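Beneath this line is the structure, given in structure tokens, with notes to follow.
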Amino acid sequence: MRGNLEGRRSIALPRSASKRHWKKKADDKPHWEEKADDRPEWNEKADDKPEWQEKAEAKRRKDLEKIPSEWILPQAYLDEAQRQRSIADGFIDNLLKPSERELTNLDIPTLTERIERSSLSAVELVSAYCKRAAYAHQLNKTLLEIGFDRALERAQELDAFKRTHGRTVGPLHGLPVTMKDQFHVKGMGTTMGYVGWIDTFEGDKYSKRKYRAESELVRYLESLGAVIIAKVPQPDLPYNSGTVLVGGSVSMPAAFSGVFSIKPSTGRLSTLGMANSSPGQAIIPTVPGLLSPDIASLRYAMEALLSNEPWLKDPTLLPIPWRSPSDVESGMKLSFGFMDFDGVVRPHPPITRALHLAKNALMAMGHEVVIPWKGPSLAEAGDIHAFVTGSNGNYDIFEQLKLSGEPLIPELRQDFPTGGRPVDAIILPVIPSAAVRPGKLCHYDYITLANVLDHPTMVIPVTRADKSIDQPVLNYVPVGEKDAKTWEDCSYDPKVYHGAPAAIQLLGGLLQEERLLAIGQVVVNALDVQKGQKAAA
């Protein structure tokens, strides 16, 4: 699955104009910002490198030049980031001013309320998020396209509209959104990570649609007032690089980053005009999803995207508006299926603990948990998923790679060789491990069930791996060849995984996104009560 979102008419600002917009008060600077020329050396040598590598390096340099000079981090901060286990928590927060830190950690309902009563402007909010995203990119190379200038231009337009008309343009007025680089945005490139797509339209350098194309979901987002600040290769930015990040393949990135996500069923969010690696593969189609640091923001954004009858612009969408899950919200007792092991690959100790924390918390609140839940075979779902998504031999992927001569990355070479009542949701792993070690993604069948059945699923961060609690399973006997290979190639080391997010997956019913988000809140509430009881003990 791939997906993403971006949009709005692009008006390129002169560099000098951009810097005027970003100018800060002299008495409100972090100490290191006083040296505007303290810019680390980004030039990369191109000696004896293939042409595709030189082209990629030139693109990265061009992207860095789009960051205002006053937001460039000194080399000492970049070096310090390399020594951190995580930059997604307090590290980036501590680089920001208190006001910026506060804004980029608020949920969407709070932000929209402040914008509605004019205690917060779109320019203030977008500036704070662009700055945070700029820091994240320098620390972790997270952005494929940077649109800070156009984002601030749009924020100024939104503020002017509100001053003139006394109202917002829509429910997402002034809210920063980060998109996966699969949706076309006017004035911005789309590469999907392919070097051969740089400065082209999906590989065609002569196309008149280059920098002019706009995906329908992008157009719709911006019509609701959203401001797109950047595009990413995968939705895996550190916390709060946008109030919401829209993309495809959201479950694993959310689990790795310790944030929430929802993958809807097909037909709820538009893919019209979206780039794709395998166009025409419609059996398991691309489905745009959302990531955010909290459920409240996911719910607000999802409800906004289902407002104003989007199916009138994209006839492939199902005419289903937002439906309030009143039964769940009324406090009814729910029933959950529970799967902590698919019989193929056993999750690492932190994931097993996260699953049981959620189960115990729900049972303590009086909800039913069916143990064990015996559903469709995840191994079979994984086989179907691999068969369908690779049914054309992944011809399209290799055609795009041939445009520049870049090789397939090593991590993909193995996969691409030349109770009495229906349960309300299923609790199961996302993948067997907490986060993932570079090049060590060994088993993802737990999330393929949602793709094969086209059911919505969401990710809930529960806890973090703890080397003092999550001890290795001694004398573990694998249940099969895949389990043995996974535990060998992706072996669990408490010291390595210590502090990594441990998340669970919550699988809902077909086209039941509204209900799933409400059920997700029930799970979070139960976990919060459990944490409070432990803290009081």
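Cβ from N, Cα, C; glycine included.
Bear in mind that TrEMBL entries carry predicted annotations, made automatically and left uncurated.
What TrEMBL annotates here:
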COMPBIAS  25-61  compositional bias 'Basic and acidic residues'
DOMAIN    124-237  domain 'Amidase'
DOMAIN    246-382  domain 'Amidase'
DOMAIN    412-517  domain 'Amidase'
REGION    1-61  region 'Disordered'
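Mean pLDDT of the predicted structure over the domain 'Amidase' (124-237): 93.
Sorting the domain 'Amidase' (412-517) by DSSP state (H, G, I as helix; E, B as strand; all else coil) yields 28 helix, 19 strand, 59 coil. As a summary of secondary structure, the domain 'Amidase' (124-237) carries 46 helix, 16 strand, 52 coil according to DSSP. Residue counts of the domain 'Amidase' (246-382) by helix, strand and coil are 46 helix, 18 strand, 73 coil (DSSP-based).
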